[in-house]
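According to Swiss-Prot, the disulfide bond annotation covers CYS3-CYS19, CYS10-CYS24, CYS18-CYS34. Per Swiss-Prot, the feature leucine amide maps to LEU35. Annotation source Swiss-Prot lists site 'Critical for insecticidal activity' at PHE9, SER28, ARG33.
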Amino acid sequence: GGCLPHNRFCNALSGPRCCSGLKCKELSIWDSRCL
């Protein structure tokens, strides 16, 4: 699963992740940033 085109987040089913470039990365739920 890649990044969703309309925002910076990944598919919700993949858990707390966000986009970094074209890849999904883990999202730090404490500071809401990509790790």
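Positions of Cβ are set from backbone N, Cα and C atoms, glycine also.
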Q | Pairwise CA distance, CYS24 (disulfide bond) versus CYS18 (disulfide bond), rounded so that it is a whole Å | A | 5
Q) Around SER28 (site 'Critical for insecticidal activity'), how many other CB atoms lie within 10 A of its CB? A) 12
Q: Mind giving me a neighbour count for CYS18 (disulfide bond)? Other Cβ atoms within 10 Å of its Cβ, every protein chain shown.
A: 18
Q. For CYS19 (disulfide bond) and SER28 (site 'Critical for insecticidal activity'), what Cα-Cα distance in Å is obtained after rounding to a whole number?
A. 12
